[in-house]
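Have a look at the structure below, then the notes.
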Amino acid sequence: MKPPILAIVMSTVISGTIMVLISSHWLTIWIGFEMNMLAIIPILMKKFNPRAMEASTKYFLTQATASMLLMLGIIINLLLTGQWTVLNMPNPVASNMMTAALAMKLGLSPFHFWVPEVTQGVPMSSGMILLTWQKIAPLSILYQIAPSMNPNLLMAMAIMSVLVGGWGGLNQTQLRKILAYSSIAHMGWMIAVTTYNPTLMLLNLTIYITMTLGTFMLFMLNSSTTTLSLSHTWNKLPLIASLILMTMLSLGGLPPLSGFIPKWMIIHELTKNDMAIMATFMAMTALLNLYFYMRLTYATALTMFPSTNIMKMKWQFESTKNTTLLPPLIMISTMLLPLTPMVLTLF
């Protein structure tokens, strides 16, 4: 894709999301979603091949269906209240319809089937945008309409998403699919706490985005798409291998790393609201995610390549990819735990 066209498309994607974030009128929110959806498709088809075409078509059909459901919910709400404002939603039918539409946009279970397929079919950079930036707009609307949503429906979707995100990634060897299932599980954690403390959802989203961006950038730097290609890393870039180990364990939510903060806070919030069984169940399903992250770290940093690299001459060219954002992203996604009190005051 030529740079001017890419700039126009990316600015449309960004302005669509910003339009959703700053609007308090349902029609402008819906227009923002549409702008965002139509502009992301050329980005998904950046490397034009049949797989990217198929992935983009799946994405378009799912998002168009979600937009249609969202508009139906908006119209039902309009007929009953006579208002277009976001914060006035007394009718449960409209509320449930909008929740389903936003769940479809986010890829929450039971509407999760498109996420691994689309992420696997598109290039790494497009997958990164899909699993980070594209989550911001729907979650901002969920944040605004949280008081009028059905908590039982949200909890059911959260449980299913955490389970699907754990079970689905267990047998995968493709890195993009693993990150897609990881995204489904993280969305489940965010939705679980939305009813009780929507601000914690924003904290979780921020940390999730930094961790996922860091992980994708490490994979892109290494040009890895499978577990096998990842296992060659230490021979070529030993430092990158140890950084992948850190970010993977942080994504799994292990205590000394940043990924532990949102899980800790969400479990704390759920137990405070007499949901101890739910919190225990979610903590146990997080172990499934941790298992497949551990598999990746094992393949990357703890297995020996068949032949050691003893040549004095470089057998591969140095990577020329831009890594300006990588150091701050890795620092945020691994070393934030001591700053938890400050982070909590900010959120």
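Backbone N, Cα and C atoms are what each Cβ position is placed from, and that goes for glycine too.
TrEMBL has this to say about the protein:
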TRANSMEM  5-22  transmembrane segment
DOMAIN    23-287  domain 'NADH:quinone oxidoreductase/Mrp antiporter transmembrane'
TRANSMEM  28-45  transmembrane segment
TRANSMEM  66-87  transmembrane segment
TRANSMEM  152-171  transmembrane segment
TRANSMEM  178-196  transmembrane segment
TRANSMEM  202-221  transmembrane segment
TRANSMEM  233-255  transmembrane segment
TRANSMEM  275-305  transmembrane segment
DOMAIN    290-343  domain 'NADH dehydrogenase subunit 2 C-terminal'
TRANSMEM  325-344  transmembrane segment
Would you report the average pLDDT that the model assigns to the domain 'NADH dehydrogenase subunit 2 C-terminal' (290-343)?
79
Any residues 6+ beyond the ends of the transmembrane segment (5-22) with a Cβ under 8 Å from its own?
28-29, 31-40, 42-43, 129, 133, 136-137, 140-141
